[in-house]
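Enquirer: From TrEMBL, here are the annotated features:
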DOMAIN    15-164  domain 'Phosphotyrosine protein phosphatase I'
ACT_SITE  Cys21  active site, nucleophile
ACT_SITE  Arg27  active site
ACT_SITE  Asp138  active site, proton donor
Amino acid sequence: MLYSGFSRTLTPMMTKVLFVCMGNICRSPSAEGVFRHLVNDAGMGDVVRVDSAGTHAFHIGEAPDARAQAAARKRGYDLTHCEARQVTADDFREFDLILAMDWDNLAALQQQCPKAYQHKLMLLMRFANEFEEATVPDPYYGGPEDFGKVLDYLEDACQGVLELVRKRATQYQAA
């Protein structure tokens with residue numbers, strides 16, 4: 001089963017999802033914005049916590065890249081609440097699902113993460129239904145079209161994450 005480790009990590013009260021890229025200024029805050037929007041539209045804002053972080057400390061305290069914000073705004077996503085931060089040791093304990101944008105960031109997380117929490121780490125694109133790509137490409141050195149393509153990937157994968165979270169919430173309500 002693809003998500004077998006995830007079932008062990010959910011709590012009935014709140015599901016906590018952390019999106020992770022390298023600097024926390026392009027992909028992960030965009031994923032946070034997309035997923036937060038989907039969660040709120042689904043009426044699950046009170047039972048799902050969404051955040052993002054970076055594996056590196058390059059941009060701590062900064063707002064998301066202006067190009068990421070512009071692309072997100074065009075699709076109705078708000079990234080103004082996002083502020084770059086680095087993954088902390090507490091994140092591995094605190095979050096139920098920690099979703100990396102690419103293999104390098106997943107490897108960095110795996111190196112930092114205590115063994116007891118390794119099952120929480122996954123590539124975000126494992127949840128995608130339309131796209132077969134394994135990772136979300138970094139648009140940092142690209143143009144506006146690259147940021148739009150990233151949003152395409154994120155919308156697809158985040159919808160898959162929402163389906164899983166909704167399914168788990170329904171199972172808890174039935175129990």
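One-based numbering along the chain as shown.
Any Cβ shown, glycine's included, is placed from N, Cα and C.
Quantities reported herein were computed from a predicted structural model and do not represent experimental measurements.
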Enquirer: According to DSSP, folded down to helix, strand and coil, what is Arg27 (active site)?
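Expert: Going by the DSSP assignment, Arg27 (active site) falls within a helical segment, counted as helix.
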Enquirer: Provide, as an integer number of angstrom, the distance between the C-alpha atoms of Asp138 (active site, proton donor) and the residue listed as 'active site'.
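Expert: So the alpha carbons of Asp138 (active site, proton donor) and the residue listed as 'active site' sit roughly 7 Å from each other.
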Enquirer: May I ask you to report the DSSP-based helix, strand or coil state of the residue listed as 'active site, proton donor'?
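Expert: Note: the residue listed as 'active site, proton donor' is coil by DSSP, not helix or strand.
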Enquirer: Near Arg27 (active site), which residues of its own chain have a C-beta under 8 A away, given they sit six or more steps off in sequence?
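Expert: Spatial neighbours, sequence-distant, of Arg27 (active site): Phe19, Cys21, Ala68, Met101, Val136, Asp138, Pro139, Val150, Leu154.
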Enquirer: Taking the domain 'Phosphotyrosine protein phosphatase I' (15-164) alone, what is its mean pLDDT?
Expert: 98
Enquirer: Given the active-site residues Cys21, Asp138, which one has the fewest other C-beta atoms within 10 angstroms of its C-beta?
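Expert: The active-site residues Cys21, Asp138 were compared, and Asp138 has the fewest Cβ atoms within 10 Å.
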Enquirer: Reported in the order helix, strand, coil, what are the DSSP residue counts of the domain 'Phosphotyrosine protein phosphatase I' (15-164)?
Expert: 71 helix, 22 strand, 57 coil
